[in-house]
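Peer 1: Below you'll find the structure I mean.
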Amino acid sequence: MTKTLPKDFIFGGATAAYQAEGATHTDGKGPVAWDKYLEDNYWYTAEPASDFYNRYPVDLKLSEEFGVNGIRISIAWSRIFPTGKGDVNPKGVEYYHNLFAECHKRHVEPFVTLHHFDTPEALHSDGDFLNRENIEHFVNYAEFCFKEFSEVNYWTTFNEIGPIGDGQYLVGKFPPGIQYDLAKVFQSHHNMMVSHARAVKLFKDGGYSGEIGVVHALPTKYPFDANNPDDVRAAELEDIIHNKFILDATYLGKYSDKTMEGVNHILEVNGGELDLREEDFVALDAAKDLNDFLGINYYMSDWMQAFDGETEIIHNGKGEKGSSKYQIKGVGRRKAPVDVPKTDWDWIIFPQGLYDQIMRVKADYPNYKKIYITENGLGYKDEFVDNTVYDDGRIDYVKKHLEVISDAISDGANVKGYFMWSLMDVFSWSNGYEKRYGLFYVDFETQERYPKKSAYWYKKVAETQVIE
């Protein structure tokens, strides 16, 4: 049976400042930790990325032509405050005013994120969000943006608090490149959630127009053997690390007893302790019912198996299928069922996981108001032929995920939009330029844009709301 989506559904495309803009030192932009980290550790940099800094009129014109009526954009904090605090950079402010004006001219609603992995270097090298002083600097930056950019109707505090902490302190593929420190993972997640809560409260108390929420990456976790209690426990613990800890903070304003039991077990096995203060929970509690929306980024699910050995994580950054490894002491290891498809980067393709995650939020956090799927898409080694890409695999991936969103809406979930990652090809943090996601192919040598087959398919779905 052909499935449909509501008439007012947003069909969006997603971007991020550092992954798309380029111009990393242009017009007074301050450095971010990624600048040097990429130079020192990877075979690519974020220059020029997709040159969105200069070519946003082209991308927004394409968006309008192809039925994309929403765009996720992030403000580069260091374009506004080059050192994260202090003096404002007027050229950065002017750039974003111009960008938002172009969005509205093209009838593409901007959903604007304040922090998308790019803390200014001056604050990052001073502990990033492990340093509580940086909570204050973030809230001050947020307040400046709320006042300055009154043309923005949809604000997001953070993009993917979970993967920030994981990338920085667990997997170690984000600066500062620390591995296997679970206490730092939880502490950074907690401090960012406090930052989020304070910004949301400030937004509501200030009477600013528009809506505000947060974007969480929520990969669904399943036991490898649902009949094995140890596998069930492994999935629960993995879910706490990646999903439940931050969801509790968002919508409960505290961590449930079950969540804290899991956190305490993980820290008992792996070492470290947390600094959770009474005033933190006052802030979390004050914001728990103020979130206008939740953004869910969903790409994959994982199956977890009980495991007694030492922690070892190998990140597949080059698309060499089967090269990844993930096992955490006292938690479990990832082991996929043989019949579940994977991408070249070992990301498991499982649309049902998105449905299950949406319905889990609806069931466990009934004070949620609405959901946007703020990222979903397929990373591919696109083959550029005849000035396009025949990306049937991507079309199939997006179609199946849109279908389960339709199912979730039919089953009572309030899902209001979908943003494909990514609008155009961008640079990928730990995979470079080979891993492409865009509706529009970017020739990174010439910066020309070419609509892929998926763009024409997406246009038809956006215009008809019929998924076929």
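The chain as shown is numbered from 1 upward.
Quick reminder: no glycine exception, Cβ is built from N, Cα and C everywhere.
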Peer 1: Report the candidate from N291, N297 that shares the D-galactose 6-phosphate site with Q19, H116, N159, E160, S428, W429, K435, Y437, as recorded in Swiss-Prot.
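Peer 2: Site partner of Q19, H116, N159, E160, S428, W429, K435, Y437 for D-galactose 6-phosphate, according to Swiss-Prot: N297.
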Peer 1: Just to verify a number: CA distance, Q19 (D-galactose 6-phosphate binding site) to E375 (active site, nucleophile), in angstrom, no decimals.
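Peer 2: The separation of the Cα atoms works out to 14 Å.
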Peer 1: Which of the binding-site residues listed here (N297, W429, Y437) have a Cα atom within 10 Å of the Cα of E375 (active site, nucleophile)?
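Peer 2: Neighbours among binding-site residues, in sequence order: N297.
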Peer 1: Express in Å, rounded to the nearest integer, the largest CA to CA distance found among the D-galactose 6-phosphate-binding residues Q19, H116, N159, E160, N297, S428, W429, K435, Y437 named in the record.
Peer 2: 20
Peer 1: Show which residues of the chain containing E160 (active site, proton donor), separated from it by at least 6 in sequence, have their CB under 8 Å from its CB.
Peer 2: H116, F117, V215, H216, A217, N297
Peer 1: Ranked by the number of other Cβ atoms within 10 Å of their own Cβ, which of the binding-site residues W429, Y437 ranks first?
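Peer 2: Ranked by Cβ atoms within 10 Å, first place goes to Y437.
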Peer 1: Would you mind pulling the DSSP three-state label for N159 (D-galactose 6-phosphate binding site)?
Peer 2: strand
